[in-house]
Amino acid sequence: MAESPGCCSVWARCLHCLYSCHWRKCPRERMQTSKCDCIWFGLLFLTFLLSLSWLYIGLVLLNDLHNFNEFLFRRWGHWMDWSLAFLLVISLLVTYASLLLVLALLLRLCRQPLHLHSLHKVLLLLIMLLVAAGLVGLDIQWQQEWHSLRVSLQATAPFLHIGAAAGIALLAWPVADTFYRIHRRGPKILLLLLFFGVVLVIYLAPLCISSPCIMEPRDLPPKPGLVGHRGAPMLAPENTLMSLRKTAECGATVFETDVMVSSDGVPFLMHDEHLSRTTNVASVFPTRITAHSSDFSWTELKRLNAGSWFLERRPFWGAKPLAGPDQKEAESQTVPALEELLEEAAALNLSIMFDLRRPPQNHTYYDTFVIQTLETVLNARVPQAMVFWLPDEDRANVQRRAPGMRQIYGRQGGNRTERPQFLNLPYQDLPLLDIKALHKDNVSVNLFVVNKPWLFSLLWCAGVDSVTTNDCQLLQQMRYPIWLITPQTYLIIWVITNCVSTMLLLWTFLLQRRFVKKRGKTGLETAVLLTRINNFMME
């Protein structure tokens with residue numbers, strides 16, 4: 001569709017130069033936007049939406065990114081916190097797509113052609129491929145993160161609605177401009193139907209929004225208790241006695257850890273199947289780096305340092321570096337035995353919850369690792385009530401021999417003959433839980449792993465009893481959810497947002513109509529003047 005030359009101001013020409021990389025003024029025959037240019041504009045808009053969606057996904061995934069770091073370490077053997085690099089790359093993609101889209105919209109308003117340069121086209125295709133690869137990888141390797149996104153919408157949907165209403169008001173400018181330039185009735189009606197169909201969906205979206213943080217303040221449940229995930233891993237090396245003490249200082253009530261059984265039958269604290277991430281096994285036993293953690297004897301495990309790695313690698317981005325006494329204490333940490341942990345926890349008035357890792361098949365205690373661990377707990381002479389027993393293996397025997405221990409059940413079930421009193425589930429299961437009904441049945445719910453204030457606030461509003469976290473010092477400082485609004489207030493916000501957006505839409509279309517009439521009148525006057533000049537010269 002041919003277009004008039006439009007404004008020839010320096011500003012418009014600069015915009016055109018940035019978009020098309022043509023620094024010379026376009027000849028009159030090129031002052032038009034072809035169908036191919038329109039297709040590339042559509043791809044640009046799609047790329048912007050994809051990159052913006054990926055940014056949102058990335059911000060949500062920051063809560064679980066430590067698992068991604070550990071996954072890559074197990075694959076590559078090199079530790080790196082990918083949080084900063086991840087955010088930087090996504091931010092660059094969104095910034096580039098946003099600037100290019102703004103240039104295109106401004107050029108459209110200035111009636112300049114949308115001749116996208118080949119370099120921009122290649123970069124847009126690369127961004128689309130990169131985002132698509134990220135989404136496919138997420139679906140293959142971490143499908144549970146789709147459930148994380150579903151949970152996040154309960155916290156962000158009210159604000160996304162406001163942002164969408166503002167975005168559609170801005171998008172109305174080029175839509176109205178295009179509408180008044182189209183002369184055929186069919187395409188004009190189709191454009192209006194598509195645009196206002198999207199507007200209607202956005203305006204009515206709050207009808208589908210359900211968030212536990214939309215409630216009366218008087219109905220806010222008590223703040224969830226804190227469970228230290230492997231202790232306080234942002235303040236001390238994970239699964240160490242120092243981490244246990246830092247957990248108590250954070251105000252947490254439970255220390256969550258991982259237990260393995262050594263080759264000579266001593267239960268000890270360790271999460272990974274190999275010792276290379278959290279100990280100096282490479283320097284002490286260089287030929288056994290890939291050996292299973294349970295294949296080491298307790299005498300060998302006591303020779304390992306379990307704290308120096310924490311000072312060298314800084315496993316969590318944003319965590320403050322240790323200094324002074326804390327640094328010296330971290331440097332001297334060793335692999336603790338379960339018996340040591342129980343005695344220290346009893347002195348600190350902390351409860352213990354642990355996962356029990358099955359040893360390899362050729363292990364001496366492959367069939368009896370549960371009994372070996374239970375014997376250690378019973379011989380420690382600590383109150384049984386301070387132990388939360390999580391493993392499902394041989395649970396009936398454990399209940400019979402240690403009836404005072406609190407049995408906590410996970411997603412995989414457990415004892416079918418007894419109603420559970422404690423549930424330990426991933427936070428992604430929140431939409432599947434009826435917290436109020438569980439509380440009526442005297443069932444306590446702990447969700448893991450919760451590191452970000454937005455997620456903690458959401459679970460607080462939902463009435464969760466406790467959360468397992470890596471960042472107990474941050475969550476301890478929270479005195480109130482990040483946001484909490486009453487249903488009446490949210491209704492007012494919804495109505496005001498839609499009304500303001502509607503007025504902006506109407507104003508935009510009326511203003512664009514006025515501009516079109518003004519341009520038409522100016523063009524008619526110019527044509528009359530040129531005709532008179534031409535007639536005068538012919539005389």
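Glycine residues also receive a Cβ, built from the backbone N, Cα and C atoms like all the rest.
The topological domain 'Cytoplasmic' feature in Swiss-Prot is assigned to 1-38 (among others). This prediction places the mean pLDDT of the topological domain 'Cytoplasmic' (1-38) at 64.
Annotation source Swiss-Prot lists transmembrane segment at 39-59 (among others), citing sequence analysis. For the transmembrane segment (39-59), same-chain residues at least 6 beyond its ends with a Cβ under 8 Å from one of its own Cβ atoms are 86-87, 90-91, 93-94, 97-98, 100-101, 104, 114, 116, 121, 124, 127-128, 131-132, 134-135, 138, 145, 149, 156.
Annotation comment: Swiss-Prot describes 60-85 (among others) as topological domain 'Extracellular'.
Per Swiss-Prot, the feature transmembrane segment maps to 86-106 (among others).
Here Swiss-Prot flags 107-121 (among others) as topological domain 'Cytoplasmic', drawing on sequence analysis.
What Swiss-Prot lists as transmembrane segment is 122-142 (among others).
Residues annotated as topological domain 'Extracellular' in Swiss-Prot, with sequence analysis given as evidence: 143-154 (among others). Below 8 angstroms of C-beta separation, residues 57, 60-61, 63-64, 160, 210-213, 426-431, 454-455, 458 of the same chain, each at least six residues beyond the ends of the topological domain 'Extracellular' (143-154), sit close to that stretch.
According to Swiss-Prot, the feature transmembrane segment maps to 155-175 (among others), an assignment based on sequence analysis.
Taken from Swiss-Prot, the feature topological domain 'Cytoplasmic' applies to 176-188 (among others). Within the same chain, residues 1, 3, 108-109, 508-509, 511-513, 516 sit at least 6 positions outside the topological domain 'Cytoplasmic' (176-188) and bring their C-beta atoms closer than 8 Å to a C-beta of that stretch.
The feature transmembrane segment is assigned by Swiss-Prot to 189-209 (among others).
Swiss-Prot lists 210-490 (among others) with the feature topological domain 'Extracellular', giving sequence analysis as the kind of evidence.
Residues or ranges marked as domain 'GP-PDE' by Swiss-Prot: 224-479.
There are 19 other CB atoms within 10 A of the CB of HIS271 (divalent metal cation binding site), with all protein chains counted. Among the features that Swiss-Prot reports, divalent metal cation binding site is placed at GLU256, ASP258, HIS271, with the record citing sequence analysis.
In the three-state DSSP scheme, ASN442 (N-linked glycosylation site) falls into the coil class. Long-range Cβ neighbours of ASN442 (N-linked glycosylation site) (same chain, at least 6 residues apart, Cβ-Cβ under 8 Å): GLN421. As annotated by Swiss-Prot, N-linked glycosylation site applies to ASN442.
Sequence-distant contacts of the transmembrane segment (491-511) (same chain, at least 6 residues past either end, Cβ-Cβ under 8 Å): 158, 161-162, 165-166, 168-169, 172-173, 176, 179, 199, 203, 206, 485. Look at Swiss-Prot and you will find 491-511 (among others) tagged as transmembrane segment.
The feature topological domain 'Cytoplasmic' is assigned by Swiss-Prot to 512-539 (among others).
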Cβ-Cβ distance under 8 Å to ASP258 (divalent metal cation binding site), same chain, at least six residues away: ARG230, ASN239, LEU269, MET270, HIS271, PHE354, ASP355, ARG357
Intrachain residues whose Cβ lies under 8 Å of the topological domain 'Extracellular' (60-85), provided they are six or more past its termini: 141-142, 145, 148-149, 152, 272, 274, 276-277, 313-318, 449-452, 455, 470
GLU256, ASP258, HIS271 excluded, remaining Cβ within 8 Å of their centroid (divalent metal cation): HIS229, ARG230, GLU238, ASN239, THR257, VAL259, LEU269, PHE354, ASP355
Cβ contacts under 8 Å made by the transmembrane segment (189-209) with residues that lie 6+ beyond its boundaries: 157-158, 161, 164-165, 168, 171-172, 175, 178-179, 182, 490, 494, 498, 501-502, 505
All-chain count of other Cβ atoms within 10 Å of GLU256 (divalent metal cation binding site): 25
